[in-house]
Amino acid sequence: MASLPRKEIQSLSDLHPKPENVTFQYGTAGFRTLASVLDSVLFRVGIIAALRSKKLDGRTVGVMITASHNPEDDNGVKIVDPRGEMLEASWEGHATVLSNAVTSADFVSALESFVQTAKIDLSKPTRIVYARDTRPSGPALVAALEDGFKAIGADARNAGVTTTPILHYLVRAINTKGTEESYGVDSEQGYFEKLSGAFKKLVAGRPTPPTLLIDCANGVGAIAASQLSQYLGDTLPFSLANTATTTLGVLNKNCGADFVKTTQKLPPSLADKLQPGERACSLDGDADRLMYFYLDERGHFHMLDGDKIAALVAAFIVDFVKLAGLENEIKVGIVQTAYANGASTKYLLERLPVKCVPTGVKHLHHAAEHYDIGVYFEANGHGTVLFSDTTLATLKSHQPLSPAQSGALKHLISLTELINQTVGDALSDMLLVEVVLAHKSYTGVEWDSLYADLPNRLVKVVVGDRNTFLTEDAERRLVSPPGLQQKVEELVNLYQGGRSFVRPSGTEDVVRVYAEAAIRAQADELAFRVAGLVYDEAGGDAAQRPKEFL
Ligand SMILES: CC(=O)N[C@H]1[C@@H](OP(=O)(O)O)O[C@H](CO)[C@@H](O)[C@@H]1O
Ligand SMILES: [Mg+2]
């Protein structure tokens, strides 16, 4: 039986000491915090990822260094499983424990006991592919990660600076290379060719759409989008904004998908670029989230978020399934979280099965796998469409009975290639939206009119210990602190069309309050009343109470 290279690990680990007084947690988005404290975490993740690969018989696992839409000074790291999916949940706990071992010696002992209890065969090979976004802290963190690889002797491929979804794509492409399930050529070029090739088939014969303005959040999406444009040629003209990937201090600042979703406003930098009647979209810092928006004829801003994308895309896919004569074989379903706008849930429920799951992509992804075609989107614009293996086989073997069926079938197959099924992918989703808009001859206005969003408000509440907040029913109800849920409901009942829920964030040290109601002023009032209630119940200091809380 091979054993861990104790000495190498310990001596390299000494170069990456764990900072005192910091407790790390592998949460919804992996490890994510201030970049300045993450050095030891990266070193250790190098080793943990290697063990994960060994545990999976040497299949390739991914490591992505990014803090997505969070501020530039943050960074983070997450491990990607062989099918391009998020790390299996049980390993999140192991990663947390290992990252918190105090000294190098403690870390090595913790590793040894983990290898034993998890029954990891150390003689297995190790394969890893890793990448980072454009954050200035990236290179140093990559170096720490590489020390981890070196310590355990991992065979690791550097995919450089790229988007999170491209890294997920690479993982799946590497692991399926040369098999029947081949996901594509395992290079960035392979990714761009796959997406652009499918897009061109789907829009063939249609007029060139008006130029799309893309806000790249000054992040890695700017690099990927500009590469993509070379593959698309004039099939989709776009112009890029917020592309300053090397300027300090601008990443995600007053721009990007999270800015648009949380402020429900046009990024100020686009004010002189977007004209009334035109559509645009924003990516986030690692290009896995997408928000669309447009200015109406009077210049008013309208947001088309993840819920609107889900509604647009799901209806389109359902139509093609019917046109292809497959409505009995292939059932389409939707997955949302409690943050989905109530109006979207109502609209979708009238047409399709809809499931609500807890926040976090892995929950949505797993639930979507239960449908033949599962469409999932978080309201914040992270989502994708999954085609089950059976569905893929059905699409391959189905014999169309008419030219119309044959055309629809071909389109469905192209959609399976256009959509990055490993994870939400802003660029792939953007092409998907553009395909639907082109087929339906929709502008932002027609798309927006599918349903009218209920006004809503999201508020953060800083509390002493967010872990005292526990929820049930896909986070829609609080079970602890005791009695609080009932008080929330009493407030909700005072508002027409009111809905509100309270849950601890998985990525920030806050409790989030969401509220919606039939009119804007009421949604705001309900949110701030519930926030005040939460603050007071959690023993918040009266002197520090935010003045907007009611
Ligand atoms: C309200 C909201 O947008 N929450 C986000 C946020 O999670 P929290 O657990 O709410 O902090 O970050 C997650 C990871 O990016 C994302 O999946 C989720 O949708
Ligand atoms: Mg992101």
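Cβ coordinates come from backbone N, Cα and C, glycine included.
Unlike curated entries, TrEMBL annotations are predicted automatically.
As recorded in TrEMBL, the features of this protein are as follows:
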| type | residues | note |
| --- | --- | --- |
| ACT_SITE | Ser68 | active site, phosphoserine intermediate |
| BINDING | Ser68, Asp284, Asp286, Asp288 | Mg(2+) binding site |
| BINDING | Glu378, Ala379, Asn380, Arg503, Pro504, Ser505, Gly506, Thr507, Arg512 | substrate binding site |
| DOMAIN | 60-89 | domain 'Alpha-D-phosphohexomutase alpha/beta/alpha' |
| DOMAIN | 112-178 | domain 'Alpha-D-phosphohexomutase alpha/beta/alpha' |
| DOMAIN | 185-290 | domain 'Phosphoacetylglucosamine mutase AMG1' |
| DOMAIN | 305-442 | domain 'Phosphoacetylglucosamine mutase AMG1' |
| DOMAIN | 458-531 | domain 'Alpha-D-phosphohexomutase C-terminal' |
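For Arg512 (substrate binding site), other Cβ atoms within 10 Å of its Cβ number 22. Look at Pro504 (substrate binding site): DSSP puts it in a strand. A distance of 20 Å separates the Cα atom of Pro504 (substrate binding site) from that of Ser68 (active site, phosphoserine intermediate). Residues 26, 29-36, 38, 41-42, 45-46, 48-49, 52-53, 95, 127-133, 135-138, 141-142, 145, 164, 167-172, 174-175, 183, 217, 220, 248-253, 256-258, 284-286, 288-289, 361-362, 365, 421-423, 507 of the same chain lie 6 or more positions beyond the ends of the domain 'Alpha-D-phosphohexomutase alpha/beta/alpha' (60-89) yet place their CB under 8 Å from a CB of it. When the recorded positions Ser68, Gly506, Arg512 are screened for a Cα within 10 A of the Cα of Asp288 (Mg(2+) binding site), the ones that qualify are Ser68. There are 32 other CB atoms within 10 A of the CB of Asp288 (Mg(2+) binding site), with all protein chains counted. DSSP assigns Arg512 (substrate binding site) to a strand segment in the three-state reduction.
Only sequence-distant pairs (6 or more apart) were considered; of these, fewer than three Cβ pairs between the domain 'Alpha-D-phosphohexomutase alpha/beta/alpha' (112-178) and the domain 'Alpha-D-phosphohexomutase C-terminal' (458-531) are under 8 A, so the stretches are not in contact. Comparing local CB density within 10 A for the binding-site residues Pro504, Gly506, the maximum falls on Pro504.
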